[in-house]
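Peer 1: The structure under discussion is supplied below as structure tokens; questions concerning it will follow.
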């Protein structure tokens, strides 16, 4: 019997999302106009809370859909205007270009990145050194590339290796269902469970590595570019400005990596089983023998393009997004990718998030029009200049750990810039606040997958169920890093940021605009 029209409409609305989630969104959409009539300020804060809720529930439904509905309604009822949304999007065009072109550009360098991580995995036998290498490699790559892409590459390596051993363990060469363990005997299951633990720890080290490296440069995370643009910094300026906080945090983060592996705590310490290593090594040897000159040329070309990418970013030869576009053109031209559909695949990872970011800017427009953050900013600015840095860091950290850090970073840097332009703070203080906002947005956000897009990408990937990586387990494994990165970052903002920045100015390395 066919379902009713109403039931069909209900099922289509937000698709497979739970009924309670659909009902919650409908209630939000009904309440917002009613509350806006009574108190625009309260309605504005309610919208922000609802939007954060959609980000926190990203596993139930991609936030673009519910967040987009809320944003459309906000414009429709007058909380902001379509013109203001356009202005916010135009002001952040560089970030949108970064997401569209840089992420797509790195897609065409995946073979090189896969090669690097595969060599690391099979060449280093010490688990402590391997974990450190993965963390450092992810940090270095994320300083120049998009963190999502770096994590995507590591996921590809892990899924590939898991599939190789799973086929051997199940004695089925055509094993397509990697979640089906029914054909694996008891002995192999023990080894497989150990292998899962090994992959879980490597993925978490790599994920945290992207946060450690991503905070250091203006292209490491999308919000970094927003903050750099607001402060008028180029690549070198941004790196030096952040270094009083980010360099000590990087060192402590890498020491944490070694410590958790040494103590075998928080789910770390599992080694690669020897039987698995033998299977993977055999497969890698076969792959290398089958690699043609054409394949080798592709790797060499991608490495040269990587050098171009780093050089162009460091010398600020063009806007970041345009450098990404040059990577697409060079990589496709020189590696033989000429089909439109093959090129189109490169954009599938970045465009949904680009659309979501545009919705962020709609909510930012509401925040500005309704002056939602004015009381908070007023409270912070009442404190001494020294205390302002820590307060901005803490407020950013709290919100970033449960919400998307692009959203949070954009809000706070806009408010700080408005305070500077109104004369409430000096330009020098504003530049220090920009560092506190950037580090506060990036570092504590490793606490949950909601804050770090790379973590959320890992949690929703095909790999997560294979290696038994749940939301709770990810939060638990991230806990030592969360504590170390947050506390060390706060101490650096409190004690080293101002004096080291002053010393940099005296040396002539940086200058106030």
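FYI, residue positions are counted from 1 along the chain as it appears here.
Note that Cβ sites are derived from N, Cα and C of the backbone, with glycine treated the same way.
OK, Swiss-Prot features for this one:
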TRANSMEM  23-43  transmembrane segment
TRANSMEM  52-72  transmembrane segment
TRANSMEM  97-117  transmembrane segment
TRANSMEM  144-164  transmembrane segment
TRANSMEM  202-222  transmembrane segment
TRANSMEM  238-258  transmembrane segment
TRANSMEM  303-323  transmembrane segment
TRANSMEM  348-368  transmembrane segment
TRANSMEM  391-411  transmembrane segment
TRANSMEM  447-467  transmembrane segment
TRANSMEM  475-495  transmembrane segment
Peer 1: Hey, which of 144-164, 202-222, 391-411 has the most Cβ-Cβ pairs under 8 Å against the transmembrane segment (52-72)?
Peer 2: 391-411
Peer 1: Would you confirm whether the transmembrane segment (97-117) and the transmembrane segment (303-323) meet the contact rule of 3 or more C-beta pairs below 8 angstroms, pairs 6 or more apart in sequence?
Peer 2: yes
Peer 1: Within the same chain, where does the transmembrane segment (303-323) have neighbours whose Cβ lies under 8 angstroms from its own Cβ atoms, ignoring anything closer than 6 residues to its ends? I mean 6 or more beyond.
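Peer 2: Long-range Cβ neighbours of the transmembrane segment (303-323): 94, 96-98, 100-102, 105, 109, 112, 144-145, 217-219, 225, 234-236, 330-331, 334.
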Peer 1: Could you name the stretch, out of 23-43, 202-222, 238-258, 391-411, with the greatest number of CB pairs under 8 A to the transmembrane segment (475-495)?
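Peer 2: When the Cβ pairs under 8 Å are tallied, 238-258 comes out ahead.
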Peer 1: Looking only at residues six or more beyond either end of the transmembrane segment (23-43), which have a C-beta under 8 A from one in the stretch?
Peer 2: 14, 50, 53-54, 66, 69-70, 73-74, 77-79, 370-372
Peer 1: For the transmembrane segment (238-258), could you work out the same-chain residues 6 or more beyond its ends whose Cβ comes under 8 Å from its Cβ atoms?
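Peer 2: Residues packing against the transmembrane segment (238-258) from afar: 128, 131-132, 135-136, 139, 205, 208, 212-213, 215-218, 224, 228, 231, 431, 434-435, 438-439, 443, 480-481, 484-485, 488-489, 492-493, 496-497, 500-501, 504, 509-510.
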